[in-house]
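Enquirer: If you scroll down you'll find the structure; I have some questions about it.
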Amino acid sequence: MDAPGDQEGPRLPRGDDPPGNARGTPRQLSREQLFVLISAASINLGSMMCYSILGPFFPKEAKKKGVSNTVTGMIFGCYALFDLLASLVFGKYLVQIGAKFMFVAGMFVSGGVTILFGVLDQVPEGPIFIAMCFLVRVADAVSFAAAITASFSILVKAFPNNVATVLGSLEIFSGLGLVLGPPLGGFLYQSFGYEVPFIFLGCIVLLMVPLNVYILPNYDSDPGEHSFWKLITLPKVALIAFVINSLSSCFGFLDPTLSLFVLEKFNLPAGYVGLVFLGLALSYAISSPLFGLLSDKIPHLRKWFLVWGNIITAGCYMLLGPIPVLHIKSQLWLLVLILVLNGISAGMSIIPTIPEILSCAYENGFEEGLSTLGLVSGLFSAMWSVGAFIGPTLGGFLYEKIGFEWAAAVQGLWALTSGLTMGLFYLWEHSRRRRSKLQNILGTEEERTALLPDEI
């Protein structure tokens with residue numbers, strides 16, 4: 001078997017892939033591919049647990065320190081803003097820094113700053129507390145961006161022909177992190193106080209670092225000629241980026257708002273509030289592998305997943321409150337059901353995005369190597385971060401001004417707009433290809449007619 005550094009970059013299926021690459025069925029895993037899966041699963045699980053742990057109790061704790069809902073939303077949102085900036089930088093310089101070093105260093109720093117977040121309750125209330133929250137969240141965002149950008153690139157390098165299937169399968173661990181984070185955080189907070197949830201999870205992430213240092217393979221590649229600007233200016237990629245923004249914003253919107261809405265509306269204790277998040281995360285984790293498999297086996301379904309996933313998501317947010325004009329009484333079972341449907345629609349929309357961007361990049365002359373993978377994974381992380389910044393920031397503001405029901409409806413309009421825009425683009429693309437094919441057929445017929453000898 002070839003050494004990791006000797007393998008060629010990912011390529012579209014042509015039948016001449018080296019043995020180390022995934023070509024046939026996912027059952028034929030090499031030792032390196034198995035290690036890559038373990039490493040990616042560890043960062044997905046650890047990072048999502050650390051990210052989601054804040055939801056059930058941090059807004060309440062922040063209020064004790066004199067922090068408004070709007071500022072709390074900004075604390076959630078600044079994570080995404082700096083994740084955006086860091087993802088662009090790390091995606092551009094992935095080859096120069098080294099994918100393995102970026103992955104391991106990011107995980108190490110993320111574990112450390114998660115522990116630091118656990119001692120913020122000792123900080124005096126007011127501006128000092130707010131400043132320290134922002135500082136620690138920024139450090140966590142930069143480290144997370146490094147690890148996830150490297151992880152995406154390594155995965156696509158190791159599994160070039162099963163991208164959606166592998167990414168979808170690993171979303172099980174992202175979903176598991178989202179599932180375990182809120183209830184575990186709520187339980188530890190209720191039982192032991194503010195510090196313990198962060199120290200516990202931070203230590204778990206740090207324990208994963210030596211494992212990944214040992215098992216993660218090195219992948220070498222030459223720097224590419226293309227840039228983020230060339231990638232994002234491709235019309236199809238720009239619209240997919242808009243889809244990523246809207247979906248990320250929908251998730252981020254729930255962070256500073258859902259727990260407060262549930263506490264006020266249904267009077268649930270903090271430990272049970274975490275269980276409300278369970279419906280969204282669990283349905284997303286279960287549905288993502290299925291949509292990934294279908295995206296790889298039947299590629300033309302990807303565009304319909306993108307379009308209908310967004311439209312269904314929009315409907316979910318209209319019903320999350322529900323919006324007052326529908327005159328539907330808000331009930332806990334209905335809220336959980338809508339979150340389950342939202343998790344499924346999110347999996348339908350998110351999983352096809354990276355394969356669609358990769359396909360478009362290769363069609364437009366991007367080289368098939370680690371450099372392009374760094375650009376694509378960095379772009380995905382950056383566009384996700386744009387939405388994850390706007391979602392909680394705007395969500396916290398709208399929650400204060402117009403209430404959860406109308407704020408959720410406004411959020412749903414974004415998903416509806418992105419879904420309809422993507423659908424119109426695919427219809428235009430299909431029409432253009434049909435015209436091009438018809439013109440080629442007519443041109444071929446004219447050439448044949450011109451070559452026939454004139455009849456006497």
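Quick reminder: no glycine exception, Cβ is built from N, Cα and C everywhere.
Pulled these features from TrEMBL for this protein:
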type     : residues : note
REGION   : 1-27     : region 'Disordered'
COMPBIAS : 8-17     : compositional bias 'Basic and acidic residues'
TRANSMEM : 34-54    : transmembrane segment
DOMAIN   : 36-435   : domain 'Major facilitator superfamily (MFS) profile'
TRANSMEM : 74-94    : transmembrane segment
TRANSMEM : 101-120  : transmembrane segment
TRANSMEM : 126-156  : transmembrane segment
TRANSMEM : 163-184  : transmembrane segment
TRANSMEM : 196-216  : transmembrane segment
TRANSMEM : 237-254  : transmembrane segment
TRANSMEM : 274-293  : transmembrane segment
TRANSMEM : 305-326  : transmembrane segment
TRANSMEM : 332-351  : transmembrane segment
TRANSMEM : 372-394  : transmembrane segment
TRANSMEM : 406-428  : transmembrane segment
Enquirer: Average the per-residue pLDDT over the domain 'Major facilitator superfamily (MFS) profile' (36-435) and send me the rounded value.
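Expert: Across the domain 'Major facilitator superfamily (MFS) profile' (36-435), the average pLDDT comes out at 82.
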Enquirer: Is the transmembrane segment (332-351) in contact with the transmembrane segment (237-254), using at least 3 Cβ pairs under 8 Å (sequence separation of 6 or more) as the test?
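Expert: Yes; at least 3 Cβ pairs under 8 Å.
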Enquirer: Taking the transmembrane segment (34-54) as reference, which of 126-156, 163-184, 196-216, 305-326, 406-428 has the most Cβ pairs under 8 angstroms?
Expert: 163-184
Enquirer: Considering pairs 6 or more residues apart, do the transmembrane segment (163-184) and the transmembrane segment (305-326) have at least three CB pairs under 8 Å?
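Expert: Touching, no - the transmembrane segment (163-184) and the transmembrane segment (305-326) miss the threshold of 3 or more Cβ pairs under 8 Å.
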Enquirer: Cβ under 8 Å, sequence separation of at least 6 from the ends of the transmembrane segment (332-351): give me the contacting residues as numbers and ranges.
Expert: 164, 167-168, 171, 175, 243-244, 247, 250-251, 262, 266, 276-277, 279-285, 287-288, 290-292, 295, 305-306, 308-310, 312-313, 316-317, 319-320, 322, 419
Enquirer: Are there residues at least six beyond either end of the transmembrane segment (372-394) with Cβ under 8 Å to its Cβ atoms? List them, or say none.
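Expert: Sequence-remote neighbours of the transmembrane segment (372-394) are 9-10, 73-74, 76-85, 87-88, 90-95, 99, 141, 145, 148-153, 156-157, 224, 226-228, 231-232, 237, 241, 244-257, 353-354, 357-358, 361-362, 366, 411.
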Enquirer: Are there three or more C-beta pairs under 8 angstroms joining the transmembrane segment (101-120) and the transmembrane segment (196-216), sequence spacing 6 or more?
Expert: yes
Enquirer: What stretch of 74-94, 101-120, 406-428 shows the most Cβ pairs under 8 Å to the transmembrane segment (305-326)?
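Expert: Against the transmembrane segment (305-326), the leading stretch is 406-428.
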Enquirer: Cβ under 8 Å to the transmembrane segment (406-428), counting only same-chain residues 6 or more beyond its ends: which ones?
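Expert: Counting only partners 6 or more residues beyond its ends, the transmembrane segment (406-428) has Cβ contacts under 8 Å with 235-236, 239-240, 242-243, 245-247, 249-250, 253, 257, 303, 306-311, 313-318, 320-321, 323-324, 349, 391, 394-395, 398-399.
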